[in-house]
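Taken from TrEMBL as is:
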| type | residues | note |
| --- | --- | --- |
| DOMAIN | 43-295 | domain 'G-protein coupled receptors family 1 profile' |
| TRANSMEM | 28-50 | transmembrane segment |
| TRANSMEM | 62-89 | transmembrane segment |
| TRANSMEM | 101-122 | transmembrane segment |
| TRANSMEM | 142-164 | transmembrane segment |
| TRANSMEM | 198-227 | transmembrane segment |
| TRANSMEM | 239-263 | transmembrane segment |
| TRANSMEM | 275-297 | transmembrane segment |
Amino acid sequence: MCGENSSSLTPGFFILNGIPGLEAAHTWISLPFCFMYVIAVVGNCGLIYLISHEDALHRPMYYFLALLAFTDVTLCTTTVPNMLCIFWFNLKEIDFDACLAQMFFVHMLTGMESGVLMLMALDRYVAICYPLRYSIILTNPVIAKTGLATFLRGVLLIIPFTFLTKRLPYCRGNFIPHTYCDHMSVAKVSCGNFKVNAVYGLMVALLIGVFDICCISVSYTMILRAVVSLSSADARQKAFSTCTSHICAIVITYVPAFFTFFAHRFGGHNIPHHIHIIVANLYLLLPPTMNPIVYGVKTKQIQEGVFKFLLGDKVVFTQDK
């Protein structure tokens, strides 16, 4: 169970138990997860391909959408294949270092997803409140720098998770009642004091999640004020319709995220553990699955891009900020 240096009490590997209490239903549970994963990969890769190949979609809104799609497909690929191996082939072992790497990428990418949603809210704010300066403010270098800053924020804030988790002694065993290596799920296996892990995890949640939600809320407050002040009902409807896809993406992302966060800290004894695990998996799978569908249904330019790809050059793009 433990590595060669027994004094360090570091296990050579962990055992991911899947969804405790629902082991007999693992095969059936895997089917919707697998279906969602296929949709997520195909849909997000399709979005990235479409945005990269269609000149009409080479605009800030779609660059951010491509970044969101890349983050989503990478996030679910970090966990779902390993989860399906647990469900289908009972391959539950994961190397200690591989577990730490998975933990890092899961939390870094979820933080990056939140950051991209915040950037997309700022994009909608500039497009609606400063339409004449939109292309001047959101230039390609600005988009690249904000995307890089979001990535670096996630990396720098999540790297300590790996060191804080690696320092803990694991003398209680190496069984993790989860489908992937989540920070607190791994820390709770330890027989040491993981209070620092819990405090730092809460601090990171505040620095990333709460900050991004505040920025999104302020952006949409300003957007709402600008839309209400428009004299034409058609103009108001058109302006707000450009935000509906993004609002749906925010709801899909943050609702399961908040449930997972608060349930772990305040409702652990009242909510069955298998519900925790299922919602934690949906938290990683639902946004990557639904975002391409939402943007495909709600965004006319993406619909036209799909038709143009399928039918050739017979579709004329409409312009819309």
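Placement of Cβ uses the backbone N, Cα and C atoms for every residue, glycine included.
Note that TrEMBL annotation is computational and uncurated.
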### Average pLDDT across the domain 'G-protein coupled receptors family 1 profile' (43-295), rounded to a whole number
90
### Message
Pairs 6 or more apart in sequence, C-beta under 8 angstroms, 3 or more of them: is that satisfied by the transmembrane segment (101-122) and the transmembrane segment (239-263)?
### Response
yes
